[in-house]
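Engineer: Let me begin by handing over the structure; questions about it come next.
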Amino acid sequence: MQAPNVIGGVRLPDGGGASLRLARGASLSDFADKIGADAAALVQALFNLGEMVTATASVSEETLVLLGDEMNYKVEVVSPEDEDRELLESFDLQFGEDEGGEEALVQRPPVVTVMGHVDHGKTRLLDSIRKTNVGSGEAGGITQGIGAYQVKVTYEDEDRYVTFLDTPGHEAFTAMRARGAQSTDVAILVVAADDGVMPQTVEAINHAKAADVPIVVAVNKIDKEGAQPDKIRGQLTEYGLIPEEYGGDTMFVDISAKQGLHINDLLEAVLLTADNTLELMANPNMAAQGVAIEAHLDRGRGPVATVIVQRGTLRIGDSIVVGDAHGRVRRMVDEFGNDVDEAGPSRPVQVQGLNSVSGAGDNLLVVEDDRVARQIADRRNARKRNALAAKSRKRISLEDLDAVLKETSTLNLILKGDNAGSVEALEEALLKIEVDDEVALNIIDRGVGAVTQTNVTLAAASDAIIIGFNVRSEGKATEEANAEGVEIRYYSVIYRVIEEIEQALRGMLKPIYEEREVGRAEIRALFKASAVGLIAGCMVESGKVRRNASVRLVRDGSVVTDKANIDSLRREKDDVTEVAAGYECGMVLSYPDIQVGDIIEVYEEVEVPRD
Ligand code: GDP
């Protein structure tokens, strides 16, 4: 039998070194369930270890591991990716694998992101590609900004396609990668021939390399005077991008995005690079899987998400789950604004029919039926909420500690605004408010768009107020805010926000107390009374003395104590509450060591207004 494991008097099970898997954001109750213990015991044990949490609150990874160590369990906190894989497996699903053998695979178009330094022509290039393709595409051209588009390239007498992500720059690319989504096959690095390699050029190279994505260099603006495409080739060699003509394996194409020069050569270079270095194959005959690259709430159509199908074929009527959103494909629109019934590998389409707005980088899966889609979405949603709550709770507890140490109080805010500019301006203005060192403003989250349920959850977990600037709440946010007691305030002018937050901060200031002398008395004689101890026979010299008042005892000009009280006060034989100057009285003080000649200063603390 194992020796009982005791923490601070609480008897706990002993894991005997066993391994235990817990999800990130798990609660003590989840922990207790796994080891067949009583959740209350874990709460108590953790309390004895110095942390106070409730049984159902998510706790941090460190806490789970620490508590596990105490009980001889090797706790392994499972990452969200692993957890998601396990979640899908429990539905017999797998993301990222093509079904069937090699014979099931067909070639798919490369998906391309355009990167490079600011002003080197990324946007112009994307425009230019869109336009050159009008001839081979629709009469109206690519009009719908769905976040991606596909162009046709005739290459070696074959019709081939290339898919472009419409958000240039490596930031979006890397943000998606951070969420586990590899959405790009080939990167086009745009470098202006009249400028050269700049900081973001280098950054883009590093990001592409980190993702193991091959680069095609577009040397742009060759129409400009002073353009030196060869210099660019030389510069990039230092970063490991060696042009083919120098014996390397990177393709360089001189272009003018403005004049539409050599755009076709660039597209061919992309295909050639893809063919030479990648095997872009996918099985088009399976339930579709893909990645969301953009999503928003459309006024008329509800939540819409642009997805790039990675394998399989997506069809109208399919039950889908995208991140924590689910639904059925009601309608699909391509970059021309045309309805499409199906979308195969590498095809971008805007999907309608989801119940909520998914995130960029979320994976899309077609599942058996609506019920499965909803179950997966719900589980992901719950997990997301837990993770968020655990994160914010941890941050709060740290700050609370800080606040206790510095005696500061913190006002937590979540900002939501109608656009990135206004949110930024608001945040800046709020952070400039100066009230006092004792109160601090802490903006724990900010974002563009309506106040969502997720915002409310975070606010509830962090005791925050939500500021909606030119936005309203959406979905069940208001309902949940009411249930959780979260305050949402709406504004449309910045100075109003500033004014009210400043007031709120002032309201949080602790009152300042000032001492005011009420009166003084001198001890003239001492009497012993068996029942009450030593009675001081006093003469009130100024002001008045009051029963229960705070007093300071001064002997020969120095303070003996300033934390004494007048416990009882008598005039002649009567108990009184006050004795005025010029009268004699008897007092019993809470401080026993008194002498004839001591001065009793009576004072009170009054709250003074702050300026
Ligand atoms: P981004 O910041 O990389 O997206 O750059 P833009 O596409 O916005 O281009 C920056 C500026 O360079 C704009 O004024 C473009 O018109 C201009 N530009 C882009 N490509 C070319 C080009 O090939 N030739 C010339 N002369 N100007 C260009």
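Note: Cβ is positioned from N, Cα and C throughout, glycine not excepted.
Unlike curated records, TrEMBL annotations are generated automatically.
Quick caveat, the model's predicted, so the values are computed rather than measured.
Got these off TrEMBL a minute ago, pasting:
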{"type": "DOMAIN", "residues": "107-279", "note": "domain 'Tr-type G'"}
{"type": "BINDING", "residues": "116-123, 166-170, 220-223", "note": "GTP binding site"}
Engineer: Looking at the binding-site residues D119, K122, T167, H170, I222, which have a C-beta within less than 6 Å of some atom in ligand 1?
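Structural biologist: The ones that qualify, in sequence order, are D119, K122.
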Engineer: Ten-angstrom check, please: count other Cβ atoms within 10 Å of the Cβ of T167 (GTP binding site), all chains counted.
Structural biologist: 19
Engineer: Average pLDDT across the domain 'Tr-type G' (107-279)?
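Structural biologist: Value for the domain 'Tr-type G' (107-279), mean pLDDT as a whole number: 89.
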Engineer: In the structure shown, which of the binding-site residues D119, K122 has the fewest other Cβ atoms within 10 Å?
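Structural biologist: So among D119, K122, the binding-site residues given, the one with the fewest Cβ atoms within 10 Å is D119.
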Engineer: Starting from the Cβ of H170 (GTP binding site), draw a 10 Å sphere and report how many other Cβ atoms land inside it.
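Structural biologist: Its Cβ shell of radius 10 Å holds 24 other Cβ atoms.
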